[in-house]
Amino acid sequence: MKASGTLREYKVVGRCLPTPKCHTPPLYRMRIFAPNHVVAKSRFWYFVSQLKKMKKSSGEIVYCGQVFEKSPLRVKNFGIWLRYDSRSGTHNMYREYRDLTTAGAVTQCYRDMGARHRARAHSIQIMKVEEIAAGKCRRPAVKQFHDSKIKFPLPHRVLRRQHKPRFTTKRPNTFF
């Protein structure tokens with residue numbers, strides 16, 4: 001899978017094709033993060049074939065739809081449990097991100113894993129994504145923003161104006 005652009009969250013439901021032995025096969029639902037619905041269906045078959053004796057040729061997709069965020073204007077903390085294949089083996093990992101949407105946090109995770117661990121998108125498997133309360137956060141990178149009186153430093157900038165003289169009688173004001 002190529003994690004191109006912002007990933008979207010899809011709910012994919014599939015099952016085995018009905019046979020004379022099993023008229024109503026069980027449905028399997030997955031939460032897939034992918035750039036589009038075609039990749040989401042492909043990832044569904046990849047994961048389901050690892051878990052159950054199911055293949056695309058002997059199964060069908062019952063439903064594939066995009067899941068939209070309930071509150072996309074509120075900043076939330078997300079905990080992501082994942083496994084990834086590195087050059088030395090398979091590792092489990094727990095990461096925390098702060099974002100507006102679940103899909104945004106997962107996209108951030110894919111970018112971060114590529115930057116920090118050189119892990120490509122195809123070697124990362126997202127196991128669980130959960131919104132977590134501020135008190136349950138463990139990572140200092142996320143916890144630093146949980147201050148109600150948070151302040152950000154104003155940069156001390158020297159603006160060189162194009163059409164003003166270099167030498168003048170008054171000192172410049174560089175505090176904005």
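Backbone N, Cα and C define each Cβ position, glycine as well.
Annotation comment: Swiss-Prot describes K11 (among others) as SUMO2 cross-link. Look at K11 (SUMO2 cross-link): DSSP puts it in a strand.
Feature annotation from Swiss-Prot assigns phosphotyrosine to Y63; the stated evidence is similarity to another entry. DSSP assigns Y63 (phosphotyrosine) to a strand segment in the three-state reduction.
Listed in sequence order, the residues of the same chain lying 6 or more apart from S71 (phosphoserine) and placing their CB within less than 8 Å of its CB: none are present. Taken from Swiss-Prot, the feature phosphoserine covers S71 (among others).
The N6-succinyllysine annotation in Swiss-Prot covers K76, and the record cites similarity to another entry as its basis. All protein chains shown were included, and the count of other CB atoms within 10 Å of the CB of K76 (N6-succinyllysine) stands at 19.
Secondary structure at S123 (phosphoserine), taken from DSSP and collapsed to helix, strand or coil, is helix. The annotation phosphoserine is assigned in Swiss-Prot to S123 (among others).
Other Cβ atoms within 10 Å of the Cβ of K128 (SUMO2 cross-link) number 10 in total over all chains. Under the heading SUMO2 cross-link, Swiss-Prot lists K128 (among others).
Residues near K170 (SUMO2 cross-link) in space but far in sequence (CB under 8 A, at least 6 apart, same chain): none are found. If you look up Swiss-Prot, you'll see K170 (among others) marked as SUMO2 cross-link.
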Between Y63 (phosphotyrosine) and K76 (N6-succinyllysine), how many Å separate their Cα atoms? 28
So how many other Cβ atoms are close to Y63 (phosphotyrosine), meaning within 10 Å of its Cβ? 11
Relative to the Cα of K11 (SUMO2 cross-link), which of the recorded positions K76, S123, K128 has the closest Cα? K128
